[in-house]
Amino acid sequence: MASLSIFPAASPESLQLLRHQEQKQQVFSRVSIGIATFQRLPPPLLSLTSKHISFQVQALATAYVHNLGNFENSPSPCTSSQQQKLLRQLALQVEHKKPNDKPTDPIGRAIAHCVRNVRQVNDVDAYLHGLHFDPHAFTTAIQKLGHWRLVDQAFYLFQWLGSQSNPEQQPNMFIFCSILSVMKARQDFMHFDYVLADMKRRRINPNLVLYNIMIECYMQQGRHTDVISCIVELAERGFVPERPIFKALFCVAENKANVNQVLTIFASTRNVLSKYDMKGPLQELHDFVSALYSRIIYAALQKKKGPDYIRRLFQLLDENMMDLSVPHYDEILQNCCLILKDCVVTKYILKRRWKISPPLGVELCNHIMQVMEKDKKWWAALEVFEHMRQEGPPPNAESYVIVRSLFNSLLNVSKERGTCHWSVQLLEKMEEHNIKPDQQAWDTTLIACALKVDADLAIHVFEKMIEKGHQPNVLSYGALLSTLEKCGLYDGAEQVWNHMERMRVKPNIRVYTIMISVYGASQKYEDLRRLLDKMYASNVRPTLVTYNALITVCAMASNGQGALEWMRKLIESGFEPDVTSYSQLILALSSGGQAELAKNMYIEAKELGLLVYPVALDSLVNVCSTHNIELPHELNFRLEASSIHETESKKNDVAHLFASKHSFQ
């Protein structure tokens, strides 16, 4: 049949080319439709896209034309719609571009936003099929998905990149770093081994950053064998491990304060580095672990774990042939005694520190002694000082000031406990340490003797003090006078008083009060009057204790009227009488036979809530019974007890006479 066409009959090759051109025209039509739809955006967004991302529209068109040779892989109408969504998101990201953004950052965020809800790799392909972006855009997209905790979606994007035939689109070192960092940050390792296998298949050699990420991922999974294998591989490739690698090695162990794990990893890593003769990394590893271990010890100190636990931590160091660096030892010592009130741990750590070089600084030793003194660990602080003298560092002037203060504190404790002989031994100990006892030390020892009422020792200390070149002060004289007065050595007390006057030491009210008791007990009333005249002439005001001493002197002399006069002066001076005042007044009145007045003073003391001394009550009961004066009802039992005691005494006397007569017969 003749052809009606004006053209000659087409060959099979020409027919195939015609179909190809027809399909090509259809694709360009779809692209034109997509571009037209994109251009129907609002004017602000349209101007922005035409200005900044027109190259992306061109990329889409180029991608479609590029895929004409493979019709089965060409995008479907659905894909075209999703890619329009990607372009809109890209325009939005460009509109909100941050000042510090890289050129690929808006693209990466747009990709992440579009694929955040994908459920498989094909869903990612629907957005990105045929598109060619800078690899850094995919790095940003994976990081953004990781920030949103979308680890699976990040992995699907990674898988899609791995399926691309274009080498420029396939995962590179940065892509692997990004996907592994996402897994590490979210501790989601479901696809971890797949990523590592893919990296090995693509023969990508990790750098130090990627090794760091891999090691930390292994540590978080507890795969310690793989960690060591990674260190070995790193060393074999000639890399020098640095602090980020060590931080990755111990991150999990430090967070859990797992001491055994820290030391196990340290020993394994040390063996690898020693095998490859990496001295620099070895030293850095030691310093890193030392700092880490010191933090663990410090945390244990804060939690008050106790001496046994702290010693065990150091024993584990010894078992693994590891020790802390000098700065870390010093840092622990700086804070140890501040945290723990128990100095056992401080002494243990200090003993270890003294064995290593360089020597311990004298400032740190002084700090330790000061803290121990504050915590009342005086003997422990003295041990530190003795060690300084024997093995160093040599004590400086501040050290001796601290030690002098330590001895004064011990002398005060001895004084409070009344152990005066111990005080004397402390003085001798000070001289052994080439520390000259100061006036405070001598006075404290004399006061301890007064409290213990040891006259012989007080005189010995007093003479020793003068022998060592110290001039006794009013406190020294007062302590010695108090000791002599309590021991009843009144003549000795007068000699000390005379010596004090010759040395022109001005007495205080305490010394005057002691001498009032001395003259009153020795019944030297003329000397007592002269003493009082001198006291008033020196403008020394009597205290309540002084007035009580004067009332007591009157009681000893049975001078009730004098006791009443001193009681009146006591009240006029603004003092309130205490139990001693009333007890001695009642005793003075009772001894002087003034029963009614003594009874009234008792009632007055009772109304004030004061409990009168028993010796004064007994004297009051006796004088009232003698003068037939009715006693207050609460004192009747004392009268009955006195009568019973008198009757029992008479019976005992009769029985004694009968026994004597019987034995004589």
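Positions of Cβ are set from backbone N, Cα and C atoms, glycine also.
Those TrEMBL annotations? Automatic predictions, nothing curated.
Source: prediction; values computed, not measured.
In TrEMBL this protein carries:
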type	residues	note
DOMAIN	374-517	domain 'PROP1-like PPR'
REPEAT	207-241	repeat 'PPR'
REPEAT	361-395	repeat 'PPR'
REPEAT	438-472	repeat 'PPR'
REPEAT	473-507	repeat 'PPR'
REPEAT	508-542	repeat 'PPR'
REPEAT	543-577	repeat 'PPR'
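Residues 439, 442-443, 446-447, 449-450, 453-455, 458-459, 462, 465, 514-515, 517-518, 521-522, 538, 540 of the same chain lie 6 or more positions beyond the ends of the repeat 'PPR' (473-507) yet place their CB under 8 Å from a CB of it. Under 8 Å from some Cβ of the repeat 'PPR' (438-472) lie the Cβ atoms of residues 404, 407-408, 411-412, 414-415, 418-421, 423-424, 426-427, 430, 479-480, 482-484, 486-487, 489, 492, 500, 503, 505, all in the same chain and six or more residues away from its ends.
Helix, strand and coil residue tallies for the repeat 'PPR' (543-577), in that order: 26 helix, 0 strand, 9 coil [DSSP]. Mean pLDDT, taken over the repeat 'PPR' (207-241), works out to 90 on the 0 to 100 scale.
Assigned with DSSP, the residues of the repeat 'PPR' (473-507) fall into helix, strand and coil as follows: 26 helix, 0 strand, 9 coil. With DSSP states grouped into helix (H, G, I), strand (E, B) and coil, the domain 'PROP1-like PPR' (374-517) comes out at 111 helix, 0 strand, 33 coil.
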